[in-house]
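Encoded as structure tokens, the structure appears first; notes follow it.
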Amino acid sequence: MTITGIIAEFNPFHNGHKYLLDQAEGLKIVAMSGNFMQRGEPAIVDKWTRAQMALENGADLVVELPFLVSVQAADFFGQGAVDILDRLGIDSLVFGTEEVRDYQKIADLYTEKGTEMEKFVENLPDSLSYPQKTQAMWKEFAGLDFSGNTPNHVLALAYAKAVAGRNIKLHPIQRQGAGYHSVNKDVDFASATALRQHQKDQDFLERFMPSVALFEQASKVIWEDYFPLLRYQILSNPDLTTIYQVNQEMAVRIKEAIKTAQSVEELVELVTTKRYTKARVRRLLTYILMQARENVLPEAIHVLGFTEKGRQHLKSLKGQVSLVSRIGKEPWDAMTQKADQIYQLGKPSIAEQNFGRVPIRIETN
């Protein structure tokens, strides 16, 4: 049987995600971000709600990406997620993309010339941002051009790099309907961005979300809910360079900007430069919010939920892969668990995220 991996945020889960799961074959394993997203923002609803949405709509097994995999630039996010899925035995990786290319060929190219390609990136001027350097590399070696508004295509290339040299086939699916950042309501498939923006529009949600009741019952948060706490973390820390990935230049800019910024968005605007993209700045602010430090990734994989089919697969992995299904006195990953505690501060109604929580079981698919 085919074992298909899907890397996702489901922020929130919508019909486009359901379409992706429907297109996937065999046993479907999702490696999903926890409570903080790749672009450096809190998830609109918590990881358990999003895992349940996925399991109700075609996923067989949902595992959690640790915080230091979830909140990373595309390459590191892709690498960390593929590492986890590879250990769970996938032989195919399905993903949505704005531009269906021969990603397998691109992965083979990276297998062959990876060292040379990375050297090329290292020699590019530091005035370029990391995404610009990566795009220059793909243009040079694979003749790829970028239109600028194709975040899924950029992630797909990160997945191609991550599967290079592994026995995993890439299976791109053409993204349906609205673009990633689109807030357009008049489409067949709405984007997660549009759903977050129109979260109070009942008819809109019902049109584009398969598990709308779960979404409506869940506590919802936005970055601004954490702004007072972020502000406190910045003001009370005498040396921001002790935080993961924060350099001297960024520390100075953030300290200066917090004097006048009245919101997270304003702070991001003030700190962003040509070299430091908004997404990168948001990630740095997320690290500051968590007081994140460089940390070893957990050996074990945290299981958020499964169907009967997923449970059977986990049983077959026993003894080969270290799995965590309940977090007790011993932490699974201290950094992720700290992030979850801070996530809970966003709204008093958010349920406990770890202790006593057991995987969600969905009996029928």
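For all residues, glycine too, the Cβ spot is worked out from N, Cα and C.
Taken from Swiss-Prot as is:
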type    : residues                    : note
BINDING : 7-20, Gly96, Asn152, Arg175 : ATP binding site
Winner by Cβ contact number (other Cβ atoms within 10 Å) across the binding-site residues Phe13, Tyr19: Phe13
Gly16 (ATP binding site), number of other Cβ atoms within 10 Å: 22
Residue with minimal Cβ packing [other Cβ atoms within 10 Å] among the binding-site residues Ile7, Asn152: Asn152
Phe10 (ATP binding site) CB neighbourhood, other CB atoms within 10 A: 24
Secondary structure at Phe13 (ATP binding site), reduced by DSSP to three states: coil
